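Asker: I have a structure here, written as structure tokens, and I will follow up with some questions on it.
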Amino acid sequence: MGPTACVLVLALAILRATGQGQIPLGGDLAPQMLRELQETNAALQDVRELLRQQVKEITFLKNTVMECDACGMQPARTPGLSVRPVPLCAPGSCFPGVVCSETATGARCGPCPPGYTGNGSHCTDVNECNAHPCFPRVRCINTSPGFHCEACPPGFSGPTHEGVGLTFAKSNKQVCTDINECETGQHNCVPNSVCVNTRGSFQCGPCQPGFVGDQTSGCQRRGQHFCPDGSPSPCHEKANCVLERDGSRSCVCAVGWAGNGLLCGRDTDLDGFPDEKLRCSERQCRKDNCVTVPNSGQEDVDRDGIGDACDPDADGDGVPNEQDNCPLVRNPDQRNSDSDKWGDACDNCRSKKNDDQKDTDLDGRGDACDDDIDGDRIRNVADNCPRVPNFDQSDSDGDGVGDACDNCPQKDNPDQRDVDHDFVGDACDSDQDQDGDGHQDSRDNCPTVPNSAQQDSDHDGKGDACDDDDDNDGVPDSRDNCRLVPNPGQEDNDRDGVGDACQGDFDADKVIDKIDVCPENAEVTLTDFRAFQTVVLDPEGDAQIDPNWVVLNQGMEIVQTMNSDPGLAVGYTAFNGVDFEGTFHVNTATDDDYAGFIFGYQDSSSFYVVMWKQMEQTYWQANPFRAVAEPGIQLKAVKSSTGPGEQLRNALWHTGDTASQVRLLWKDPRNVGWKDKTSYRWFLQHRPQVGYIRVRFYEGPELVADSNVVLDTAMRGGRLGVFCFSQENIIWANLRYRCNDTIPEDYESHRLQRV
């Protein structure tokens with residue numbers, strides 16, 4: 001069939017479909033057939049035009065397809081027509097740095113760059129720090145992409161370390177090599193002593209063979225002893241020669257020995273008294289009346305030659321101490337009228353229960369039954385400071401609390417609420433302390449200069465730390481030969497550079513410099529913890545009970561008797577630089593928990609603590625988080641965002657850092673716990689002006705732990721005290737503190753090593 005026939009058939013089909021192909025029967029067929037043919041011809045013309053247009057479009061599409069390639073559409077060659085190519089790899093199709101390829105099925109993104117994971121179009125950073133690529137105790141910092149490790153910790157050396165990708169992080173760990181300080185000379189052991197290298201640090205041991213002494217006094221050839229100025233030492237071979245402020249020399253027995261310095265004998269319990277009597281007349285030459293239990297006051301109530309600390313019947317009344325309701329007062333009848341813990345013979349309120357036996361004014365009548373607790377001759381019911389003597393009863397803010405005991409004397413706050421135990425009421429506590437010395441700016445006599453002691457010798461309102469004329473005598477401190485004592489004439493008869501007005505007693509406090517623990521502060525003369533603040537660090541709940549503190553030896557010995565919640569006994573004296581030493585002894589074999597001491601105390605959320613655990617143990621209260629204590633000595637900086645409570649309690653128990661609570665500054669690498677009924681002597685040096693901290697522990701004459709230099713400035717000074725946590729029968733004996741702002745020689749070498 002030819003093209004014309006096909007077109008005719010197609011036209012007839014269309015006519016039938018439209019009803020135009022029907023020819024009625026009968027009638028005149030010629031005119032009608034002519035008319036039908038004309039209509040058919042017109043329809044064919046329409047079909048022909050339609051087909052011509054379709055052929056043209058098909059030709060155009062054919063040409064377009066033929067000129068298509070993999071890189072996009074080429075311009076059409078049909079005259080008068082053009083096509084703009086559409087790119088498949090448009091900007092942003094793939095992640096930056098990822099190769100985009102166009103395929104027959106569309107754009108395809110390559111793999112994500114190293115350090116990222118994803119499908120190429122969407123890539124996320126990989127945290128390589130999860131692979132622990134850094135050396136232990138070195139912080140890993142994740143970047144995008146990659147990671148880098150901070151510098152090797154003190155005591156180690158190594159190159160910087162960084163990389164990209166998990167594969168690299170897993171197979172390439174940071175390498176830090178231990179520095180042998182004993183070989184490099186970076187140690188601070190005294191000459192002629194043994195230096196023992198440890199991982200990341202070192203320890204100073206005893207004197208080498210042929211030498212005698214220790215790390216405090218130095219090691220000298222046997223038979224040769226010298227004072228720090230090079231002169232021959234007059235001291236016993238177990239004593240240190242000390243140069244006093246006035247240039248004189250004194251002798252102090254070394255740790256583990258006791259006596260007058262010219263003669264020294266073994267001191268097993270480190271309480272300052274020799275095991276056997278020495279041939280000297282001083283008190284410290286007497287035989288210790290408790291050889292194995294520290295009792296620096298040598299108390300002996302029944303005078304039987306056995307000290308109360310180790311006498312099973314201290315008062316000699318035939319009733320053992322454990323059963324005696326007056327263990328230090330004879331009372332064989334054990335009469336107890338008010339049925340409290342104390343027998344009538346020693347009860348300061350016989351007819352009223354008062355287990356604490358508190359007696360504020362020391363008049364022999366307990367506070368519980370004393371109608372004038374503070375002894376200011378104003379009865380308690382009318383006294384606006386019933387526990388603080390204030391004869392004038394002044395009350396500036398009219399809140400019913402006298403100025404003498406008001407923690408916000410200029411602001412009405414009758415409830416006296418003080419949640420952080422810093423003696424500043426919450427109503428006026430701003431917590432703004434720009435110099436970090438523990439005194440808020442509005443109460444700081446040197447708000448921009450750290451001076452925790454707040455010493456103000458001339459009482460002019462400006463602290464000595466920022467006053468260029470401390471004694472207000474008109475002579476600037478830089479030229480004043482008695483900086484703390486007014487002497488405008490600057491008399492100095494012996495021309496030794498020290499004015500006559502302060503010769504031998506620099507602060508004019510009537511205590512000679514040789515025995516004055518703070519010769520440049522008239523407010524502090526002797527070590528004394530008889531007045532102290534108790535701070536309970538877990539005040540809520542019933543996990544345990546609060547500590548029970550007993551002070552002996554005129555404030556130089558503290559005993560804690562109960563298995564208690566964490567607690568502090570804090571002295572009221574604040575220090576700038578200080579040396580703090582004491583003997584620590586657990587006088588029981590029934591427990592294995594924490595005991596220690598604190599320094600830099602500013603409030604119940606801010607202080608340093610040195611704490612010693614005997615055995616590893618998980619704290620029995622798992623809320624708010626699991627806390628695990630490891631054995632050994634730990635130095636921690638407490639900066640708690642919550643203050644006393646469960647969070648701080650568990651953070652103190654836990655060995656390690658706890659976010660927003662506690663930072664572990666140092667831990668004894670030996671992981672050795674304290675021994676039952678064994679005495680240890682500690683020595684602390686704290687110089688808050690530069691952040692210098694160093695603590696050492698001795699067992700007998702042997703140095704057993706040394707933190708070496710630790711630098712931290714979280715607390716720029718503060719108060720001292722002792723610490724316990726769930727441990728009973730702790731003795732802190734022979735306590736001594738001394739103001740000292742002199743920077744130790746090992747500070748600079750350690751600082752340079754860190755840099």
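Cβ atoms are placed via backbone N, Cα and C, with glycine included.
Owing to the predicted nature of the structure, the values given are computational and were not obtained by experimental measurement.
What Swiss-Prot lists as compositional bias 'Basic and acidic residues' is 332-341, 353-368, 412-424, 456-465. Under the heading disulfide bond, Swiss-Prot lists CYS112-CYS123, CYS134-CYS149, CYS152-CYS176, CYS182-CYS195, CYS189-CYS204, CYS227-CYS241, CYS253-CYS264, CYS280-CYS285, CYS290-CYS310, CYS326-CYS346, CYS446-CYS466, CYS482-CYS502 (among others). The feature domain 'EGF-like 2' is assigned by Swiss-Prot to 125-177. If you look up Swiss-Prot, you'll see 530-744 marked as domain 'TSP C-terminal', on the strength of sequence analysis. As annotated by Swiss-Prot, N-linked glycosylation site applies to ASN119, ASN740, with the evidence given as sequence analysis. According to Swiss-Prot, the phosphoserine annotation covers SER394. Per Swiss-Prot, repeat 'TSP type-3 4' is recorded for 358-393. If you look up Swiss-Prot, you'll see 455-490 marked as repeat 'TSP type-3 7'.
For the listed features, I'd like the structural context: burial, neighbours, distances.
Answerer: Counting residues of the compositional bias 'Basic and acidic residues' (332-341) by DSSP class, helix then strand then coil, yields 0 helix, 0 strand, 10 coil.
For the compositional bias 'Basic and acidic residues' (353-368), the list of distant contacts is 338-342, 347, 374-375, 387, 389: same-chain residues at least six beyond its ends, Cβ to Cβ under 8 Å.
Counting only same-chain residues 6+ beyond the ends of the compositional bias 'Basic and acidic residues' (412-424), those with a CB under 8 A from a CB of the stretch are 397-401, 406, 438, 440, 443, 533, 535, 602-605, 643-644.
Within the same chain, residues 444-446, 449-450, 471-472, 484, 486, 507, 522, 576 sit at least 6 positions outside the compositional bias 'Basic and acidic residues' (456-465) and bring their C-beta atoms closer than 8 Å to a C-beta of that stretch.
According to DSSP, CYS112 (disulfide bond) sits in a coil region rather than a helix or strand. Neighbour list (CYS112 (disulfide bond), Cβ cut-off 8 Å, at least 6 residues apart, same chain): PHE95, VAL98, GLY118, ASN119, GLY120, CYS123.
Counting every protein chain shown, the number of other Cβ atoms lying within 10 Å of the Cβ of CYS149 (disulfide bond) is 22.
Remark: CYS176 (disulfide bond) has PHE135, VAL138, CYS152, PRO153, PHE156, SER157, GLY158 as non-local neighbours, by Cβ distance under 8 Å and separation of at least 6 in sequence. According to its DSSP assignment, CYS176 (disulfide bond) is coil.
Summarising the environment of CYS195 (disulfide bond), the number of other Cβ atoms within 10 Å of its Cβ, over all protein chains shown, is 18.
Shown in sequence order, HIS187, ASN188, CYS189, VAL190, SER193, VAL194, CYS195, VAL196, GLN215, LEU703, ASP706 are the residues of the chain, 6+ apart in sequence, with a C-beta less than 8 angstroms from the C-beta of CYS204 (disulfide bond).
Neighbour list (CYS241 (disulfide bond), Cβ cut-off 8 Å, at least 6 residues apart, same chain): SER217, HIS225, PHE226, CYS227, PRO228, SER233, PRO234, CYS235, ARG249, SER250, CYS251.
Around CYS253 (disulfide bond), a 10 Å sphere centred on its CB holds 24 further CB atoms from the protein chains shown.
Annotation for CYS280 (disulfide bond): spatial neighbours GLY259, ASN260, LEU262, LEU263, criterion Cβ-Cβ under 8 Å with sequence separation of six or more. CYS280 (disulfide bond) carries neither a helix nor a strand DSSP state and counts as coil.
Cβ neighbours of CYS290 (disulfide bond) (same chain, under 8 Å, six or more residues apart in sequence): ASP269, ASP271, ILE306, GLY307, ALA309, CYS310.
Shown in sequence order, ASP315, GLN334, TRP342, GLY343, ALA345, CYS346, ASP347 are the residues of the chain, 6+ apart in sequence, with a C-beta less than 8 angstroms from the C-beta of CYS326 (disulfide bond).
The secondary structure of CYS466 (disulfide bond), as reduced to three states from DSSP, is helical.
In this structure, CYS482 (disulfide bond) belongs to neither helix nor strand by DSSP; it is coil.
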Asker: Within the same chain, where does the repeat 'TSP type-3 7' (455-490) have neighbours whose Cβ lies under 8 angstroms from its own Cβ atoms, ignoring anything closer than 6 residues to its ends? I mean 6 or more beyond.
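Answerer: Those are 444-446, 448-449, 497-502, 506-508, 520-523, 576, in sequence order.
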Asker: Give residue numbers and ranges for long-range contacts of the compositional bias 'Basic and acidic residues' (332-341): same chain, 6 or more residues beyond its ends, CB-CB under 8 A.
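Answerer: Same-chain residues near the compositional bias 'Basic and acidic residues' (332-341) but 6 or more away: 317-319, 324-326, 347, 349-355.
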Asker: Where does CYS182 (disulfide bond) sit in the DSSP three-state scheme?
Answerer: helix
Asker: Under DSSP, is CYS285 (disulfide bond) part of a helix or a strand, or is it coil?
Answerer: helix
Asker: By a 10 A CB contact count over all chains shown, which of the disulfide-bonded residues listed here is most packed: CYS182, CYS346, CYS502?
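Answerer: Compared across CYS182, CYS346, CYS502, the most Cβ atoms within 10 Å surround CYS502.
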Asker: What is the three-state DSSP composition of the repeat 'TSP type-3 4' (358-393), stated as helix, strand and coil residue counts?
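Answerer: Across the repeat 'TSP type-3 4' (358-393), DSSP assigns the residues as follows: 6 helix, 0 strand, 30 coil.
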Asker: Identify, among the disulfide-bonded residues CYS264, CYS466, the residue whose Cβ has the fewest other Cβ atoms within 10 Å in this structure.
Answerer: CYS466
Asker: Among the recorded positions listed here (CYS182, CYS253, SER394, ASN740), which has the Cα closest to the Cα of CYS502 (disulfide bond)?
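Answerer: Comparing Cα positions, the closest of these recorded positions turns out to be ASN740.
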